[in-house]
Amino acid sequence: MGRVSSIISFSLTLLILFNGYTAQQWPNECQLDQLNALEPSQIIKSEGGRIEVWDHHAPQLRCSGFAFERFVIEPQGLFLPTFLNAGKLTFVVHGRGLMGRVIPGCAETFMESPVFGEGQGQGQSQGFRDMHQKVEHLRCGDTIATPSGVAQWFYNNGNEPLILVAAADLASNQNQLDRNLRPFLIAGNNPQGQEWLQGRKQQKQNNIFNGFAPEILAQAFKINVETAQQLQNQQDNRGNIVKVNGPFGVIRPPLRRGEGGQQPHEIANGLEETLCTMRCTENLDDPSDADVYKPSLGYISTLNSYNLPILRLLRLSALRGSIRKNAMVLPQWNVNANAALYVTNGKAHIQMVNDNGERVFDQEISSGQLLVVPQGFSVMKHAIGEQFEWIEFKTNENAQVNTLAGRTSVMRGLPLEVITNGYQISPEEAKRVKFSTIETTLTHSSPMSYGRPRA
């Protein structure tokens, strides 16, 4: 009995110490009293392009749980197969290309045949037909959902750089490790190492085959030891993105021109309803599919688990916005998600307010910059260039927003008596506050016509 009491006492002591430690650490975890537009902190150069990495240990990224990267793949550049320890959403900012992914346990569904035999590789043995998992065509505006542990590759088959941005959710249950972004390389290497991993000595990052003995690889693949050593890329300094010499012969569906002048799209292979070939890509750059559209102002499109069911697994969603000069997104906050806002084109003036009613961001933000929008923080966007375009990644598969002004806003839902007494204004002023803005999301902005604040 005494032994049991001692164990219980010891356990309670540990629990108290742990809670005390957590209480000391947690207050500093999300003290977001000053936010900044973020730039990449590390550039990883390769033969066929570069990877730009944001420091996810920065307070606002650490609090939101996001890790953020930008990939620039030059023409004929191949981003070699890699998987992550977290689910991610990738957005095509510029260019076009091909993308393939390998879902664990799924069979090859793309096979060479008279229908899908375009661009077959050179030097293949007579009668040999390749087969592999799904390959997709990519274009600007495509948003790609990738679960953790799924190997993925990209190829630029265009004449301009293929630019992608990716947000990984390190705080989700897809990540069973620490809050470090860990790319696992199937092929290639990273001569510069992973500077963003705290506490790890800087050294070259090799692919996962490098850690196995060549003899073991030879037995596993039933190949000779020399070929096994080639898999390890030990003498290869091209990096994660390599240049492809000559034709890139992979099996993929042909493109057909969309109706009414729309962007080309793939011919379906008839298997999209199965788990192994479930749809993971949605294009957000078509205004005709937008959730909010006004020709004079712009459009906003959302992507969630209702229109892309794989997002239920990732617990992520996205929002694409494009607004014209002097258009404004009415002040709003994310109800159930953090967001990472990346500017793809143009400039805007953004103000953000925290739970203390303090303005924590009041700056211009421009193309290539990243801004974290924490849950509950109210934010206003005002385009100051000819056009402002952005993509937001959110940490909920069905992220919701609420607005401060407009037809569906919190103010519209309050009784006039609450507004008059809460702000000490007349009933007439309360009516103007509640009913003057008839838009729901986008409005024109001409602040000088409304006068200046009292000193």
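Placed from the backbone N, Cα and C atoms, the Cβ positions cover glycine too.
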Annotation match for phosphoserine in Swiss-Prot, from SER46, SER322, SER436: SER436
Phosphotyrosine according to Swiss-Prot, picked from TYR155, TYR299, TYR423: TYR299
Phosphothreonine per Swiss-Prot (candidates: THR22, THR90, THR302, THR420): THR420
Which candidate, of THR281, THR395, THR403, Swiss-Prot gives the annotation phosphothreonine: THR395
Composition by DSSP (helix, strand, coil) of residues within the domain 'Cupin type-1 2' (282-431): 20 helix, 70 strand, 60 coil
Spatial neighbour of THR395 (phosphothreonine) that is closest, considering only the recorded positions CYS63, SER367, THR420 and their CA atoms: CYS63
DSSP-derived structure type at CYS63 (disulfide bond), helix or strand or else coil: helix
CYS30 (disulfide bond) versus modified residues TYR299, SER301, SER367, THR420, SER436 - nearest by Cα: SER367
Rounded distance in angstrom between the Cα atoms of SER301 (phosphoserine) and THR420 (phosphothreonine): 35
